[in-house]
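A.B. asks: Following this message is one structure expressed as structure tokens.
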């Protein structure tokens, strides 16, 4: 039986000398092999910018209407948004402890592998593999595809007076081409260098914060003018049923997703022992305050029926308050979506790269470009997968079907933290959260994952089960039994030659 001989070894217990002898780069010398690795290019400002860049996408400009519809009242909805910010901060603080305890890129994937990988030959590495499978193969590229399609939509919106006469089919094709151009641009940025990504991301983060500020100032202006009837409705009409509450939290937490981003790129953060925690403490409360004030602005300008019937509540607010400069909001949303897609692709390529180093993805995906020092094959894979989803088209429903899996992996990461409190109790901890924090996040994840399924047992959740089943079908032969078809070796060789990539300085063993 060809089961894994050493699948349960820890992430830090490798034999790099033996692995280097097995994985010599094509036409490269030993000195080059020793220098090729990801560089620490993200300072504190860039780390904060990365978290904010992922968290603030199109969600806060769209989803407040859905959260309000489920909450039923202005007061209850604002409490939900504030609570979601607190939940996100608690989860981010837990991830900060995990990131300092296991100082490797990959976030929940690495933590699951570190905590459970050595507990059982078969079941131990399975959670981390499924995490990488769901994130890399489907969820993140599909999410980027939806975001850049939203980018194309908002880019065209200010031009509607000039293109309104064009047939809807032709406009749809044009928007898809714009999305593909945006995908090519963000993939190019992530391929070229981390420094270029940092510069571009910082610009887009500042731009999206300006768009959020415009919304907030519009709401404050309306309140100062004395229009307080909408916000004064308070808790009238609140929905407290478990299903409504779960869905309201679900829609409100979606724009907060991204608080774990900095731990996905730990190996590229300068002074991670200080900047990981600092970036979390700065970014998450800042985003929470922005989201809360933007919701106050929406609810001040628009009534509940107007909000719940609006497909893009920020644009409706702009039509009502900004007059001739209302195009600033669609433009701001476009910039926000592009920056968000750029950051999501950046982070998921690092997860893909780390998973490949640990043997859970194709070996070629663990290679780094010899000059640019970026995980070029992983970036290219994400670009191609996103391209497929853009061409396929209607995939927003797919994200709804499987996005609750994100909170399953968040909950498992909290369980990993509890496990490592025992298995690594003697390790030096620069930072430690109260035990109540991860336990609370586990209960939140169970609530968000189970209540919608129990209250609305729709067949649509079957999509997520199929996705997990496909992951197990890949895991058994290629990871557990380590079957290596000949084409995999040929593929790795071709990728090395064509893309000028080589194994990283600290390669993993037992690769696919």
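Glycine is no exception: its Cβ is also placed from the backbone N, Cα and C atoms.
The following feature annotations were taken from TrEMBL:
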type     : residues : note
REGION   : 1-31     : region 'Disordered'
TRANSMEM : 42-62    : transmembrane segment
TRANSMEM : 74-102   : transmembrane segment
TRANSMEM : 177-198  : transmembrane segment
TRANSMEM : 204-224  : transmembrane segment
TRANSMEM : 280-301  : transmembrane segment
TRANSMEM : 327-353  : transmembrane segment
TRANSMEM : 373-392  : transmembrane segment
TRANSMEM : 398-419  : transmembrane segment
TRANSMEM : 431-455  : transmembrane segment
TRANSMEM : 461-481  : transmembrane segment
A.B. asks: Is the count of Cβ pairs under 8 Å between the transmembrane segment (280-301) and the transmembrane segment (327-353), pairs 6 or more apart in sequence, 3 or more?
C.D. replies: no
A.B. asks: Between the stretches 42-62, 204-224, 327-353, 373-392, 431-455, which one has more Cβ pairs under 8 Å with the transmembrane segment (177-198) than any other?
C.D. replies: 373-392
A.B. asks: Within this structure, do the transmembrane segment (431-455) and the transmembrane segment (327-353) have 3 or more Cβ pairs under 8 angstroms, counting pairs 6 or more apart in sequence?
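C.D. replies: No, the transmembrane segment (327-353) and the transmembrane segment (431-455) are not in contact.
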A.B. asks: Which listed range (42-62, 373-392, 431-455) shows the maximal number of Cβ pairs under 8 Å with respect to the transmembrane segment (74-102)?
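C.D. replies: Answer is 431-455, with the largest number of Cβ pairs below 8 Å.
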A.B. asks: Six or more residues out from either end of the transmembrane segment (373-392), which same-chain residues have a Cβ under 8 Å from its Cβ atoms?
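C.D. replies: For the transmembrane segment (373-392), the list is 36-39, 136-137, 140-142, 144-146, 148-149, 176, 179-180, 183-184, 187, 190-194, 345, 348-350, 352-353, 356, 364-367, 495, 499, 501.
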